[in-house]
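Asks: Here's a structure for you.
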Amino acid sequence: MRGVFIAGVIAAFAITVVDSLNCTQCYTYNSTCDGQATECNEQSFSCVESSINSTLGGFLHVYQNKFCSASNCTENSTEVAFTVHLFDDQRYHFASQCCQGESCNATHSESGTQNVTDMQCMSCYGHNKTLCEEKPQKCYEGEQCVFIIAEMVNGSGRVELKGCSDISNSTCQFLSPGNTTVGEFVFKSVECTQPTEYTNSTTTIPPITNTSLTSVTRPGIKTSPASVTPQASMGTKASFTSSIFGSLLLLKLLF
């Protein structure tokens, strides 16, 4: 009988060890997010890592958030990572990973040296109701055209992206149904198409229309009514870019 009791205690201890979840936890903006994996509370079932590396507006912005999550990953490991290239050498790199049973691996790196082709996608970016002025962007080898509308989980900020992307076909299929949540982000709409032969043209498409959304600004920063033109000054450009990231970071849209 004593042997049975001891075996039961060992089994219970083993279950406790298996059920414990350790995740790296840190949050940074424009700095490195490093931290040791620590044990999560009992309500957490997954580790989540999200990051954005962007040069929209001509300024570098880096955002990272690693945390324990009460959400269950749809698979043992769900990872989405891709870069969107836009006009004027602007880019938006998005990465998010949800893991169960272990801390996420830091494998979100952008592609190295690439060869430019004579194929193109129309590119632009917009925030909430701002205009998205399309311009042609030459693509690198292996890229396809994307049209992405994404927002943070709480709906406080929305971003629209068009351009050339290294997004994989499997990721396109995973996100294309719409309203797909990955980490802190909800991909409202994702379209992937093949690029066309390069031509130099510019068009303006209507702004994002969603009357239920309200403008979100960072405390202490005044923003004028959004109107983006190619002749906008660098000051206006910086204000517009800060507005984009200000609303994104209020959650805690590459992607």
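Backbone N, Cα and C atoms are what each Cβ position is placed from, and that goes for glycine too.
So Swiss-Prot lists the following for this protein:
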| type | residues | note |
| --- | --- | --- |
| DOMAIN | 121-170 | domain 'UPAR/Ly6' |
| CARBOHYD | ASN30 | N-linked glycosylation site |
| CARBOHYD | ASN53 | N-linked glycosylation site |
| CARBOHYD | ASN72 | N-linked glycosylation site |
| CARBOHYD | ASN76 | N-linked glycosylation site |
| CARBOHYD | ASN105 | N-linked glycosylation site |
| CARBOHYD | ASN115 | N-linked glycosylation site |
| CARBOHYD | ASN128 | N-linked glycosylation site |
| CARBOHYD | ASN154 | N-linked glycosylation site |
| CARBOHYD | ASN169 | N-linked glycosylation site |
| CARBOHYD | ASN179 | N-linked glycosylation site |
| CARBOHYD | ASN200 | N-linked glycosylation site |
| CARBOHYD | ASN210 | N-linked glycosylation site |
| LIPID | SER233 | GPI-anchor amidated serine |
| SIGNAL | 1-20 | signal peptide |
Asks: Sorry to bug you, but what's the C-alpha spacing from ASN30 (N-linked glycosylation site) to ASN53 (N-linked glycosylation site), rounded to the closest Å?
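Replies: One finds 9 Å between the Cα atoms of these residues.
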Asks: Measuring Cα to Cα, tell me the gap between ASN179 (N-linked glycosylation site) and ASN154 (N-linked glycosylation site) in whole angstrom.
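Replies: With the alpha carbons as reference points, the distance is 13 Å.
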Asks: Spatially, which candidate from the glycosylation sites ASN30, ASN115, ASN169, ASN200 is nearest to ASN154 (N-linked glycosylation site), comparing Cα atoms?
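Replies: Out of the listed candidates, the nearest Cα belongs to ASN30.
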Asks: Counting only residues 6+ apart in the same chain, whose Cβ is under 8 Å from the Cβ of ASN72 (N-linked glycosylation site)?
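Replies: Sequence-distant Cβ neighbours: PHE45, SER46, GLN100.
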Asks: With ASN200 (N-linked glycosylation site) as the reference Cα, tell me which of the glycosylation sites ASN30, ASN115, ASN128, ASN169 is the closest one.
Replies: ASN115
Asks: Determine, using Cα-Cα distances only, which of these glycosylation sites is closest to ASN115 (N-linked glycosylation site): ASN30, ASN128, ASN169.
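Replies: Among ASN30, ASN128, ASN169, ASN169.
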Asks: Reduce the DSSP letter at ASN53 (N-linked glycosylation site) to three states and note it down.
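Replies: In the DSSP reduction, ASN53 (N-linked glycosylation site) maps to strand.
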Asks: Roughly how many Å lie between the Cα atoms of ASN169 (N-linked glycosylation site) and ASN128 (N-linked glycosylation site), rounded to a whole value?
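Replies: Here the two Cα atoms lie 27 Å apart.
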Asks: Where ASN30 (N-linked glycosylation site) and ASN128 (N-linked glycosylation site) are concerned, what is their Cα separation in Å, rounded?
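Replies: Cα of ASN30 (N-linked glycosylation site) to Cα of ASN128 (N-linked glycosylation site) measures 23 Å after rounding.
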Asks: Taking DSSP as the reference, which of helix, strand or coil describes ASN169 (N-linked glycosylation site)?
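Replies: Reduced to three states, the DSSP call for ASN169 (N-linked glycosylation site) is helix.
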Asks: Give me the mean pLDDT over the domain 'UPAR/Ly6' (121-170), rounded to a whole number.
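Replies: A mean pLDDT of 89 is what the predicted model shows over the domain 'UPAR/Ly6' (121-170).
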